[in-house]
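Peer 1: The structure's right below; bear with me while I get my questions together.
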Amino acid sequence: MGLPGSIVFLIMIHAFCAKKTPTNTLPSLLSLLGITDLPSLRLNILSLDGSANNQGSWVRDNTTFVYIGASSPANGVLFYMPTSHVQQMTFYKRPVSKLLASNNLIKFLNTGSYINHSFMTAMPPYRRNVQIPSDRSGLKLDDKDDAQPTGTNPPTELKNLKPIDVVNPEHRFILTSELTGTYVKHVCFVDPMDMLIPVDYAHIRTIIFGSDGAEVIMKIGITFASITISMKSAPPVELILSERARNISLIWPALKPYEPVDKFTRRPYLIYLLGPHMNASDMEIKSYINMIESVEESSNYDFQIAQTHAQLFIFAATPISDINDIYCFRVVTTRLFMSLVASVRNAFQSGYISFDEIIKTEANIKMITETLSTFALHSNPGTYFLLSGMHLRNENADIIKSLIRKTIINASKNTASLSILQHLYVLRSAYAFNISQESGNLGEHVSSISLELIIALHEESVRDTIAWNTSARHALYYAFASIFQRPPNEWDASRTARKALLFASSMCTEEHIVATELVIQEMYIKINVKNSPVHILDVYTPCVTALRMDISEHHHRLYAMSDVILHPVIEKYLENDSRGIDAEEELETKAELVITKLKTPLMRRLTIYASEVVTCSDADILEATALLVLPISGLGSYVVTRQLGIRGIVYNVDGVDVNNQLYITYVRLPCTTTAGNIVPMVLPRPLGSDCPYCGCVLLRYSTNGNLRHTIYISSQDLQRELIAGGNSSIRYFNPTIAQIYGTSLLLYPNGTIVRILAFESERVTIISATYVATATAGASIAISIAIITVRMRINNFRYNYHRYKKLSLYDDL
């Protein structure tokens, strides 16, 4: 399957079947497979019960598996075909059908013998040298106590839920029977790697995701589960969990039992690992052991999902290399797999599952798999795909979606009534169930709720009143994600997304970048020193969404280092690290890596939402030197770069270091290049309800060519603060605040740029009384010291002169 050899084999079979080849030509085909004993080719289509003792035949889901048990090069080969075709079949007359040859057959024919086969399923015995920890059932991602069902709030059916439960899902519990219905579906596990005899199991869900760099298949049941990880840059590997009562056998050598990794584990299931061990690298063996340890550590959902986020964070903080990517990708996907296994297992043991866990599970699957595709294995994020079958019956999944739709429609009419936490619940539900992508006005409603939250948090951000806590960070992530999840060709979708990008850039100030880097450093320490439970969104920042690319410039690192004294966790960590400044540099590098890796690649975001920038730019210059992109209107964008090369109205920024030059280009089709002139002016006060500055951006830069912030003026309230000057309550707009430095430009949506003189003149004239008093006292002291010094020198000169005169007189005598 997917190999050239299989194509050749299928063509030969198809030609043979199409001609309805007579009996006497059959041996020529069988001789190709090395089959001399014709009866050994068994086409038994009995039911499962009727052939339970015969592992040479299976019928599952309208498919018959045909096993070749002859002593031949094809020994142990498994074929499978539609049962309807098999039922019409006689041994000597086969109808035209799609007969699929297993990878085993093709590999076997290509390699010639089992001994030289490059993909052996055996692995050196694994034995733990440490004691297996017990389940850490008390571990949670937050400080809240887990809610439990009570007599007045028992587990219920999904049909009894109400829209209010979407904004308060933690206290609603669903019966486990709602996951599967009255009867659990039994299916046949056909090993994607074609190594194992098919296994019958109670199936709950299948998840397939990947990109052009990798593909992962997860199959999860009640007593059986498997994950197959395939990559372009590494051999595939498969992890299987099976109840102890079930034996796992290899297809070849014929029906040979496949030994579990460790028979003596205390877990209720056995662990099987399939992967190459001949010439396996240390990284391969290390990843195998880590995968096994992730199974043995705990069967608690909270622990496993916390470890998934921790490993994803470590992956993001790890320097890019093929070896690191392969290892980390396997570790993260295995942890995600184990969290799903734990969720299903716990639900069937307890008889219920919380409504919140159902929604969080779907959101985690999407967020984690999509994040992996953003930076792992040199993948193109545009090739990411996710095929996730829910662990709910279709009609029950529709009930949940209907609840979410009603909640969104109601919330869009009055977003002010929702708290940050309720925004989080609603937007996470919409994201998890792809509500933004549904037809009708639902996408517009979700975008409306998301944008209102972004506007509210932006207002708090510029006023320095925002609490960057867990709820705010998570809610903001899902708000942006829900907007970008909406198809861009829908009415108003692209305009909303461009506005969201402006808000993200406005919140990504110089101070916020520094604060976020320090928060990331603290999380890294928590994971590595304390092994505390974390969530990757605990360090989410608008800078991840913003089209600001100067995050890793050196001045941010210097500011972060100077603020370390305000973070005791980091300070203590560095004090205990003998590497000194190298340890601090390492933490800074990891923080920058996390932000950079979590960002959607610039060209992908621009291609979708700011195509005029891509059209009017040299791609190499854009990716190499762009510092900031502001899609300021529906048709045009500002691009700030270090080099010329963007076609549009080009402004050469004066007053900056010649070695760190800034160019601002207003880009709009048809990409006509002209020279712009930045005009200095005093902003006139608008009359009445006019809002001439609404939609503008206040950009501030320093004389060394560094961008400080880009504040989006989105409302009349912010316009009033802008023109209030020294009376403004927003420090970004108040020239009298001492720490404000640099030049301020106002960028208009039509491509006009002006330099605001108020900031420059105020910076010269506004001097604090404390500064004047200190300077005067210092000058007085300096003058006094100078006078005393001069007097001492004069006295010393006089004294020496008199001594000289006395000596002269003595010589004369």
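A Cβ is built for glycine as well, from the same backbone N, Cα and C atoms used for every other residue.
Relevant sequence annotations retrieved from Swiss-Prot are reproduced here:
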SIGNAL    1-18  signal peptide
TOPO_DOM  19-769  topological domain 'Virion surface'
CARBOHYD  ASN62  N-linked glycosylation site
CARBOHYD  ASN116  N-linked glycosylation site
REGION    135-159  region 'Disordered'
COMPBIAS  137-147  compositional bias 'Basic and acidic residues'
REGION    212-273  region 'Interaction with gL'
CARBOHYD  ASN247  N-linked glycosylation site
CARBOHYD  ASN279  N-linked glycosylation site
CARBOHYD  ASN410  N-linked glycosylation site
CARBOHYD  ASN434  N-linked glycosylation site
CARBOHYD  ASN469  N-linked glycosylation site
CARBOHYD  ASN576  N-linked glycosylation site
CARBOHYD  ASN727  N-linked glycosylation site
CARBOHYD  ASN750  N-linked glycosylation site
TRANSMEM  770-790  transmembrane segment
TOPO_DOM  791-813  topological domain 'Intravirion'
Peer 1: Can you tell me the mean pLDDT for the topological domain 'Virion surface' (19-769)?
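Peer 2: The predicted confidence over the topological domain 'Virion surface' (19-769), as a mean pLDDT, is 79.
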Peer 1: Give me the CA-CA distance between ASN434 (N-linked glycosylation site) and ASN410 (N-linked glycosylation site), in Å, as a whole number.
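Peer 2: Pair distance, Cα basis, whole Å: 18 Å.
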Peer 1: Between ASN727 (N-linked glycosylation site) and ASN576 (N-linked glycosylation site), how many Å separate their Cα atoms?
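Peer 2: So the Cα of ASN576 (N-linked glycosylation site) lies 46 Å away from that of ASN727 (N-linked glycosylation site).
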Peer 1: Determine, using Cα-Cα distances only, which of these glycosylation sites is closest to ASN750 (N-linked glycosylation site): ASN247, ASN469, ASN576.
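Peer 2: Considering only the listed glycosylation sites, the nearest one is ASN469.
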Peer 1: Find the shortest Cα-Cα separation between ASN410 (N-linked glycosylation site) and the glycosylation sites ASN247, ASN469, ASN576, and name the residue that gives it.
Peer 2: ASN469
Peer 1: Across all the protein chains here, work out how many other Cβ atoms are within 10 Å of the Cβ of ASN750 (N-linked glycosylation site).
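Peer 2: Step by step: centre on the Cβ of ASN750 (N-linked glycosylation site), count other Cβ atoms within 10 Å, giving 14.
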Peer 1: Helix, strand, coil: count each for the residues of the region 'Interaction with gL' (212-273), based on DSSP.
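Peer 2: Per DSSP, the residues of the region 'Interaction with gL' (212-273) fall into 0 helix, 31 strand, 31 coil.
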Peer 1: In sequence order, what residues of the same chain, 6+ apart, have a Cβ less than 8 Å from the Cβ of ASN247 (N-linked glycosylation site)?
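Peer 2: PRO257 - these are the non-local Cβ neighbours of ASN247 (N-linked glycosylation site), listed in sequence order.
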Peer 1: May I ask for the distance between ASN576 (N-linked glycosylation site) and ASN469 (N-linked glycosylation site), taken between their Cα atoms and rounded to an integer number of Å?
Peer 2: 28
